[in-house]
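J.: Structure provided below as structure tokens; questions to follow.
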């Protein structure tokens, strides 16, 4: 069976116009070309698609069934050709973006929507991971882009462009004994269990770790749930409280004597210098760079 797009277009036109001659006019073909193409299609399918007893061809039941699927098949064939063309011009087969778990409450989906509108056939994979694991995914090639907080020490293999600033705040459950105090000291923080978002690799020291005793989790959702159950204090994204205002009734921001109890970090789009980025990844990087160059409103 050897069916091509032109045969399907002619079949669709005959079904919609009701005759070979009308289909020919619609497609800019001669009637004999349409008639021959339909005859060859019937041979390839081993089916009779049209009865030719009267002046105009009459679709058979089989033709009507196939016609229902023809439009979608033609759309998929066009999408296939467009995707093949995009791949030939440098579009990656798929793009994996890792989002640091504390940033899941931000507007990272804006960038995904932008990519989808520009590259509708691109396979996009979104994963979440702690900061240290996200960087490792870039360096080992399992992700091509990452949305991460700024790093104190840069790996010489990474490259980045700044996006914006985000804040994290130390919090504790309002039913925890420590919450009854208006101010707390660093010594009190040091002696209270901390719930820290950290790498799954226990050999890596977590960032924003202050307490002597701590429990680890790989995402801020779990950290929040444990903090709510009085299992410790922790540092959570301020954006969480905007998304879920009910948390303001259950959690208290810690006011620490010895340091400002609010951590502001730049958020970066990060990639590996050693990776050969495709057209979609490069497009997003260039988009963010160009946006940064625009004057603030």
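The backbone N, Cα and C atoms fix where each Cβ goes, and this holds for glycine too.
What Swiss-Prot records for 1-60 is domain 'HTH lysR-type', and it gives sequence analysis as the kind of evidence. The DNA-binding region annotation in Swiss-Prot covers 20-39 and is backed by sequence analysis.
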J.: By DSSP, how many residues in the domain 'HTH lysR-type' (1-60) are helix, how many strand, and how many coil?
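T.: Split into helix, strand and coil, the domain 'HTH lysR-type' (1-60) gives 36 helix, 4 strand, 20 coil.
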J.: State the mean pLDDT for the DNA-binding region (20-39).
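T.: Mean pLDDT for the DNA-binding region (20-39): 91.
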